[in-house]
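**Student:** Just passing along the structure, written as structure tokens.
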Amino acid sequence: MKDKLLVTSSPQFHHPQSTASIMWTVSLCLLPAGVWGIYIFGMRALLVTLTAIVASVGTEALLGLINKDKTIFDGSAFLTGLLIGYNMPPAVPLYVIVFASVFAITVAKWTFGGLGANWMNPALAGRVFVFFSWTSGMTRWTLPHPGSADVITGPTPLGSIKSGLMTMADTITGPMDLLAAEGVPVSYMDLFLGRIPGSIGEVSALLLILGGLFLLIRKIANWEIVASYLGSFVLLVWVFGGFRYGQGLFSGDVLFQLFSGGLMLGVFFMATDMVTSPLTSKGMLVYGVGCGFMTYLLRFFGSVPEGVSLAIIFMNIFVPLINRAFQPDKFGKLIEEEAK
Amino acid sequence: MSRFKTFPKGGIHPTDYKEATCNKEVQNASLTSTAIIPLSQHIGAPSECLVQKGDLVEEEQIIGKSGGFVSANIHSPVPGEVLEIKKIFLPNGMAVDAVVIEVKGEFKRLGKDADLRDWSGMSNEEISAKIAEMGIVGQGGATFPTHVKLSLPKGKSCETFIINAVECEPYLTSDHRIMLEKGSEVLEGIQIMQRLLSPLKTVIGIEANKMDAVELLQSLITEKGLDIEVMPLEVKYPQGAEKNLIKAITGREVPSGKLPLEVGVINANVGTCLSVYEALVLDKPVIERVVTVSGGAIKNPSNLKARIGTSFRSLIDDCGGFSEEPVKIIAGGPMMGFAVYDLDTPVTKGTSGILALTSKEIKAAKPTPCLSCGRCVSSCPMGLNPTKIFKYIDFNMTEEALEAGLMDCVECGSCSYMCPAHIPLVQGFRGGKKIIRKKSMKKAGQ
Ligand code: SF4
Ligand code: SF4
């Protein structure tokens, strides 16, 4: 028995979660939204997602051979692949996905030292890289066509507004009007459920929120980030969002902004990425507010319709700075200050 | 939110597994045929050995004399013959001398009525001397000699006397059982110490998962008209850590590197109160203690009253042995206890528990790189940044690690417990502290 007993330093037991269990739980929580994407965009969406996963895990495995380190079972490469797939339009050429995955794993993750050492979310880095390299492929959107094989392309709601704003008539008071005038009317319910064109995994706000809530309960996603991101974004849209339609303060269409584009996917699954978000509660709040602010700026004033990915990457850059600025308060500090 | 007080910063909620033993009355462990009694069962200088091979000793005879100011007497828990004096390893890795005694002859107290003494006529010096003579040490795990703790330095006074009945380590229920079964004795022990300290306030801090003990002690206190407050606290680990308990009860923070007396606090563990009672009222030294024997691999988890020097093996046998193969045997609780590899390890004054854990319970996993998840930061009760300190130590940047508060780490294990990457943070901190101590010793030597 002697040699079989483990002798380790305390603590002698451990919280049930591990790196791998966290990565697989996040992947699982993402699954319903992807199934929905495949349902409304067809088998092509499945092919895109699988390509991204195979390319990411494959790259990780190859790099693992060089480093003699088997890391594919920690689930992080799978999750990166899944997220890349979810961030792709269903009609994107497959080689674009492969590029995005290889870039994500090799450049954004491994050159910085692998899991934990990367400063930006690999999936987002991959997406942004291919977005600027193959913009046309990355902006060819498929209209929802559950059950039918005919693929028709059309713009996303956010895209329609961006272009529609140029030629807008005076009677338009908000994005929903504008979409109707553009000939692509949607209801809030369409946005919420995901009956709109968009990236495969981003369209179903409902399923993403459900998955996200599960992560919050499991404390895998930090409420600080989710709350401050959503809170600051909603506030900015509500207060200033009406201006572009000639309305006054406090008239922005919050629901439209919340449920269109990749916001829910970004808020719950990418801004909360542990590796690339701050360490302390206070730091997370600041980071979340930053993400919300940047998303607002990019969506309302940027040249591309969507701003979530760039906003998060932008804030990723500041994480080391935020970590330095918001250290935890040491025990006993209270007294030391009193004494001074 | 709980309606009870607690310390505000950090802390975790590990599964507590206490239901296995918390309702089981304390049983007497079987007597061993040989007792192995380490001569260092406390913090401070080892005791001086007073016996030789071949000596006959009586039960309760002093076999180790306090070896300095911070040290404690050690008594023979059994009557018998000294077989040998040998080096053994304690669970914490220290090599110490131990007296091996083969049981022979008569036990003093077995089957006799206790003869109760009245301590009210004794002077404070006499009480203090008795506590020192009887070899009482803190029984919560820190094993600091009690008589040293109770002697206030000149010019200092004790405002709040805190009884630590938190027992925040998972699995352990020995303090809980002591309060339920020996409530009056514990209270009398507290009264004895109140005499020495004359505190303005005496508070028993108990976590709210032991409300039966809270109620029992409360009713005993009311009945006897004692000046003791029972304070239920929110369940949170490591509430039993000295500084955190003081924060929870008084709201004051003991500054870094200082003793509780800095904020007018002295604290004592429940088991220690019982020992003080036994020393003064029964004239009995510390020769036994209550040990929780539990864990998923133990057939019949129990609380056992065991003589010091009894082997872990014998106590585990008393509990019906193993129900399945354990992967770890632990002396103490799972958060701060030590893993042992040798079932012949003896019970000492500080052994609060013996746990045999299965692989399902320990949830070991291979370490992965740090995910910067911040869980170690948010769980640290001392407000440290464990991942940062760990990296400093890893890169041999001891100055920076010191600056970041390494010495404030109480090794509670909260950070390592939570770390999803399974990084052995606490182990790193222990190593770091050792290096720093060595360095400062070298400096002092030059
Ligand atoms: S072991 Fe040290 S660093 Fe870790 S949580 Fe406890 S006090 Fe903080
Ligand atoms: S808990 Fe572990 S993985 Fe998370 S920040 Fe701390 S050291 Fe890194």
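Cβ coordinates come from backbone N, Cα and C, glycine included.
According to TrEMBL, the domain '4Fe-4S ferredoxin-type' annotation covers B:360-390, B:400-429. As annotated by TrEMBL, [4Fe-4S] cluster 1 binding site applies to B:CYS370, B:CYS373, B:CYS376, B:CYS419. Annotated [4Fe-4S] cluster 2 binding site per TrEMBL: B:CYS380, B:CYS409, B:CYS412, B:CYS415, in sequence order.
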**Student:** What other residues of this chain sit with their CB within 8 A of the center of the CB atoms of B:CYS370, B:CYS373, B:CYS376, B:CYS419, the recorded [4Fe-4S] cluster 1 site?
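**Tutor:** Going along the sequence, the neighbours come out as B:LEU371, B:SER372, B:GLY374, B:ARG375, B:PRO386, B:THR387, B:CYS415, B:MET418, B:PRO420, B:ALA421, B:ILE423, B:LEU425.
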**Student:** Between the Cα atoms of B:CYS376 ([4Fe-4S] cluster 1 binding site) and B:CYS415 ([4Fe-4S] cluster 2 binding site), find the distance and write it as a whole number of Å.
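**Tutor:** Rounded to the nearest whole number, the Cα-Cα distance is 4 Å.
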**Student:** Take the mean position of the Cβ atoms of B:CYS380, B:CYS409, B:CYS412, B:CYS415, the recorded [4Fe-4S] cluster 2 site. Which other residues of that chain put their Cβ within 8 Å of it?
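**Tutor:** My list of surrounding residues reads B:GLY10, B:CYS376, B:SER379, B:PRO381, B:MET382, B:LEU384, B:PRO386, B:VAL410, B:GLU411, B:GLY413, B:SER414, B:LEU425, B:VAL426, B:PHE429.
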**Student:** In angstrom units, rounded to an integer, how far apart are the Cα atoms of B:CYS380 ([4Fe-4S] cluster 2 binding site) and B:CYS373 ([4Fe-4S] cluster 1 binding site)?
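**Tutor:** With the alpha carbons as reference points, the distance is 13 Å.
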**Student:** Please classify the secondary structure at B:CYS373 ([4Fe-4S] cluster 1 binding site) using three-state DSSP.
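**Tutor:** The three-state answer is coil.
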**Student:** To the nearest whole angstrom, state the Cα distance for the pair B:CYS415 ([4Fe-4S] cluster 2 binding site) and B:CYS373 ([4Fe-4S] cluster 1 binding site).
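**Tutor:** Pair distance, Cα basis, whole Å: 11 Å.
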**Student:** Taking just the CA atoms, what is the gap between B:CYS412 ([4Fe-4S] cluster 2 binding site) and B:CYS370 ([4Fe-4S] cluster 1 binding site) in Å?
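**Tutor:** Here the two Cα atoms lie 20 Å apart.
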**Student:** Across all chains shown, how many C-beta atoms besides its own are within 10 angstroms of the C-beta of B:CYS380 ([4Fe-4S] cluster 2 binding site)?
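**Tutor:** Other Cβ atoms found within 10 Å: 28.
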**Student:** Can you check how the pLDDT averages out over the domain '4Fe-4S ferredoxin-type' (B:400-429)?
**Tutor:** 94
**Student:** Tell me which residues of the chain lie with their Cβ under 8 angstroms from that of B:CYS419 ([4Fe-4S] cluster 1 binding site), as long as they are six or more apart in sequence?
**Tutor:** B:ARG375, B:CYS376, B:LEU425
**Student:** How far is it from B:CYS370 ([4Fe-4S] cluster 1 binding site) to B:CYS409 ([4Fe-4S] cluster 2 binding site), counting Cα to Cα, in Å?
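**Tutor:** A Cα-Cα distance of 19 Å.
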**Student:** Using DSSP reduced to three states, classify B:CYS380 ([4Fe-4S] cluster 2 binding site) as helix, strand or coil.
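**Tutor:** Assignment for B:CYS380 ([4Fe-4S] cluster 2 binding site) reads coil.
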**Student:** Under a criterion of Cβ-Cβ distance under 8 Å and sequence separation of at least 6, what residues of the same chain contact B:CYS373 ([4Fe-4S] cluster 1 binding site)?
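**Tutor:** In sequence order, the residues whose Cβ lies under 8 Å from that of B:CYS373 ([4Fe-4S] cluster 1 binding site) (at least 6 apart) are B:PRO420, B:ALA421.
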**Student:** Given the binding-site residues B:CYS373, B:CYS376, B:CYS412, B:CYS419, return the subset with CB under 6 A from an atom of ligand 2, ordered by sequence, or none if empty.
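**Tutor:** The ones that qualify, in sequence order, are B:CYS373, B:CYS376, B:CYS419.
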